Amino acid sequence: MGTGMSTPLWIRGLRLAFAILGIVAVAWIPLRNVDSATFSLTNYFSYFTIESNVLAIVVLAVGAIAAPTSETWQRFRGAVTLYMTITMVVYAVLLASVDVMLNDKWINDVLHRILPLVLLADWVLVAMPQRLRPSLTLIGQWLIFPLIYGVYSLIRGPIVDWYPYPFIDPRTQGYLSLTIGLVILAGVFAMLAVAMASIGDLPGRIRAKRAQP
């Protein structure tokens with residue numbers, strides 16, 4: 001695996017700083033509720049927000065320390081950027097007024113807004129040696145995790161009588177409405193995935209286009 005020695009030091013420093021911020025934000029609620037009889041650590045880590053942010057912390061930390069440049073790493077980095085973008089968009093559109101166990105405003109801001117924007121900016125603006133082209137294979141790979149998450153939530157929900165989000169809870173809307181909503185979300189996620197693959201290393205793409213005769 002190649003390493004990004006050409007990645008500017010200040011970018012790697014920012015990645016590390018935001019990785020640390022993410023660790024603090026993700027750990028804050030469990031640590032504060034360590035003695036709470038009503039807090040469920042399993043439920044907490046069953047939120048897509050938390051899972052996507054854990055992956056984002058990995059991407060930022062590895063990007064800061066090693067800055068890999070392989071195509072495999074770019075695929076993983078793009079996938080996590082997609083998941084964080086999904087987190088930001090879904091929260092803004094569907095969940096801003098819903099209790100998702102993140103009562104502290106600064107944690108909401110970090111996990112639902114700041115870190116998604118950081119990942120997105122890093123993906124769009126930082127040069128990558130091997131740009132990814134949108135393809136059915138790539139999009140399919142990127143959507144595996146959200147699909148597995150949805151299946152997991154629907155299987156676990158009736159077992160523990162708890163669902164992480166209202167739009168994935170059949171108790172309040174019935175399975176027909178749930179299915180229609182999830183199909184719409186899947187279509188939106190697929191479009192976001194295509195967009196994500198198309199905008200990586202945008203400055204490099206612009207330079208390459210200008211260099212064409």
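Here the Cβ of each residue, glycine as well, is placed from N, Cα and C on the backbone.
Where the annotation comes from TrEMBL, it is an automatic prediction and has not been curated.
Quick caveat, the model's predicted, so the values are computed rather than measured.
For 12-32 (among others), the entry in TrEMBL reads transmembrane segment. Sequence-distant neighbours of the transmembrane segment (12-32) (same chain, 6+ residues past either end, Cβ-Cβ under 8 Å): 39, 41, 44, 50, 53-54, 56-57, 60-61, 63-65, 67, 101-102, 104, 106-107, 110-111, 114-115, 118, 122.
Annotated transmembrane segment per TrEMBL: 44-67 (among others), in sequence order. Residues 1, 3-5, 7, 12-13, 15-16, 18-19, 22-23, 25-26, 29-30, 73, 76-77, 80-81, 83-84, 86-87, 90-91, 100-102, 111-112, 115-116, 118-119, 122, 146, 149, 152-153, 156, 164-165 of the same chain sit 6 or more residues outside the transmembrane segment (44-67) yet have a Cβ under 8 Å from a Cβ within it.
Below 8 angstroms of C-beta separation, residues 48-49, 51-53, 55-56, 58-59, 111-113, 115-117, 119-120, 122-123, 141-142, 145-146, 165-167, 185, 188-189, 192-193, 196 of the same chain, each at least six residues beyond the ends of the transmembrane segment (79-98), sit close to that stretch. Taken from TrEMBL, the feature transmembrane segment applies to 79-98 (among others).
The annotation transmembrane segment is assigned in TrEMBL to 135-155 (among others). Taking Cβ pairs closer than 8 Å, the transmembrane segment (135-155) reaches residues 46, 48, 51, 75, 78-79, 82-83, 86, 163-165, 168, 170, 182, 186, 189-190, 193-194, 196-197 in its own chain, all 6 or more past its ends.
Sequence-distant neighbours of the transmembrane segment (175-200) (same chain, 6+ residues past either end, Cβ-Cβ under 8 Å): 74, 78, 81-82, 85-86, 89-90, 123-124, 128, 131-135, 138-139, 142-143, 146-147, 150, 167-169. Sequence annotations record features per position, and here TrEMBL assigns transmembrane segment to 175-200 (among others).
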